[in-house]
Amino acid sequence: MENAEVVAMLGEIADLLELTDENPFKVRAYRRAAQVVDTLPVPVAELVRKGELAGLPGVGTHTAERITQFVGAGTCDELERLRGKVPSGVMELLRIESVGPKTAALVWKQLGITSVDALEEAALSGRLSELPRMGAKRSEAIASAVTRHRSRKGRVPLHRALPYAEDLVDRLRAIPGVKQAMAAGSLRRRKETVGDLDLLVSSTNPERVVAAFPKLPGVATLLAQGPTKSTVRLRVGLQVDLRVLHPESFGAALHYFTGSKAHNIAVRTRALHRGLKVNEYGVFDAKGRRIAGEREEDVFRAVGLPWIPPELREGLGELEAAEAGRLPELIEEEDLRGDLHVHSEASSDASSSLLELASAARGFGRSYLAITDHSRSRPLGLDDARLWEHLHTIRWMDQELRGRPHLLAGIEVDILPNGSLDLGDEVLSELDCVVASVHSRFNMSSEEMTERIVRALRTGLVHVLGHPSGRLIGSRDPYPYDLERVLEVAREQGVALEVNAQPERLDLTDQACRLAKQAGVKLVISSDSHNAQHLENLRYGVWVARRGWLEAGDVLNTLPLSELRRRFRRPRRAPSWSHEAPGTSP
Ligand code: DGT
Ligand code: CA
Ligand code: CA
Ligand code: ZN
């Protein structure tokens, strides 16, 4: 039983309670417990075994009972009781952006809507807009959210899929006779979401592998089976394709099933021009003789190319770059020396102390860490006075730590709707690292939003533009803004753009990274940690950067601290400057 499954169960109970109008306290208790389990450093099943569950802060005796029952039986009475009261179609409505439990309950009870289709119909026919607190605009927004919901349905974020892929690969490797096992497909290309898993095994005894596969832990149903392949669905809903290959074909299959389709087509076309045929079994010459297949790099060599990293295989110019000897030397996680966006317990939604963050960062081998808590306009955010105090605490702690790691005093300052920053210039200019982000009024027009960001960058106080598009994968679309214009101004102002490595954000996207690089703008890869364990998430950002063709030199937090400080030093300026209208400075 994975912690994520328990988190999902608690969240589902909370949603169901809210839909059935039960006590808001109960709802909140389940949400809080879900949060606690989500950040547990140990398997929740282990705590159940030791009877330590009820000792956790935020987990009451009732909740502990539900979890214990769920871990043992895969469900619990309370969940089943509530599921009996709410149609499953109503629960699906919650997965549509901008439809929360309140809206879902409203349309269900007032209009009898129990499916996504019915909701869409009601939105298009105008029935929806007649509900209290709904209106035409809201109703239109829901109709377009339904369209987006349909297009992404069934895709799983990479960080959710990865543990299942790794676990299955380990278990496949342990089957007698298996020589190699690997995950291919979009997961190997580290795409931000995956449709299904594609696992490859080399073995001289495929029957044995195909027979063992559906019995592995976590598998719910066998969907299809042949002599060398099998498709199953996992309990968590993910579909998995397995292929078993003879070792002489493993490299060719790995290449073929890694894709992408566009990349494969480009490779096949190139091979045809050379009188060769490439398929999942190998590379063959005109007489049908095998010239490669066992190793992936031999497949590339056979068509006259160096090995291309999976993250680049999207058919977006990687063959041309490889041919010209101009493949980028992609950034690696080890290249990152520090993290420039980290929340401490001074942010109301974060939980670790400076010391906890510092020691975790040391454990991950980071040499510097910027503490960037929230500013005034966020709930309980820091105002100027509290930030001055916080700054001194950080400086003091930095002294104590003696460089293991170095702490930078920073802030994640809100970009207010008019483009000004949420704190005074004086304290902002004292800070080592100012990350500026949009957290409100996402519904501006593209022109307004672009102007808002441009103004913020032109204050001359910003080092990094945080999570530039505001999107949350699978739940919130990016706000519209003119990326090219923002890049132009970022370049002019020497502001870096963030690749936020929180796995739900991954913002900038891979494509935007590539555009930033072409525009001559530097990036940073930051964890946006809200507790010490999140510091590990940098790897997700590194994968986005690699998919965006970035090299270590494109990313500022690969620099040693002294060079980073030089980069972040601000030009001296007169104190009155900031009182002029934004955008009038040289
Ligand atoms: P996904 O699962 O939607 O996230 O994306 P992929 O890339 O994992 O796609 P999937 O699972 O349908 O297939 C895995 C790989 O197999 C794909 O990247 C390339 C290869 N492949 C699948 N179908 C075709 C095809 O019709 N032609 C070619 N050339 N390759 C294919
Ligand atoms: Ca796939
Ligand atoms: Ca597949
Ligand atoms: Zn933020």
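Keep in mind that glycine also has a Cβ here, set from the backbone N, Cα and C atoms.
Copied from TrEMBL, the annotated features are:
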DOMAIN    1-314  domain 'DNA-directed DNA polymerase X'
DOMAIN    51-70  domain 'Helix-hairpin-helix DNA-binding motif class 1'
DOMAIN    91-110  domain 'Helix-hairpin-helix DNA-binding motif class 1'
DOMAIN    126-145  domain 'Helix-hairpin-helix DNA-binding motif class 1'
DOMAIN    170-189  domain 'Helix-hairpin-helix DNA-binding motif class 1'
DOMAIN    338-417  domain 'Polymerase/histidinol phosphatase N-terminal'
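With a cut-off of 8 Å on Cβ pairs spaced 6 or more residues apart, the domain 'Helix-hairpin-helix DNA-binding motif class 1' (126-145) and the domain 'Helix-hairpin-helix DNA-binding motif class 1' (91-110) reach 3 or more such pairs and are scored as touching.
Per-class residue totals from DSSP over the domain 'Helix-hairpin-helix DNA-binding motif class 1' (91-110), listed helix then strand then coil: 13 helix, 0 strand, 7 coil. Per-class residue totals from DSSP over the domain 'Helix-hairpin-helix DNA-binding motif class 1' (170-189), listed helix then strand then coil: 8 helix, 6 strand, 6 coil.
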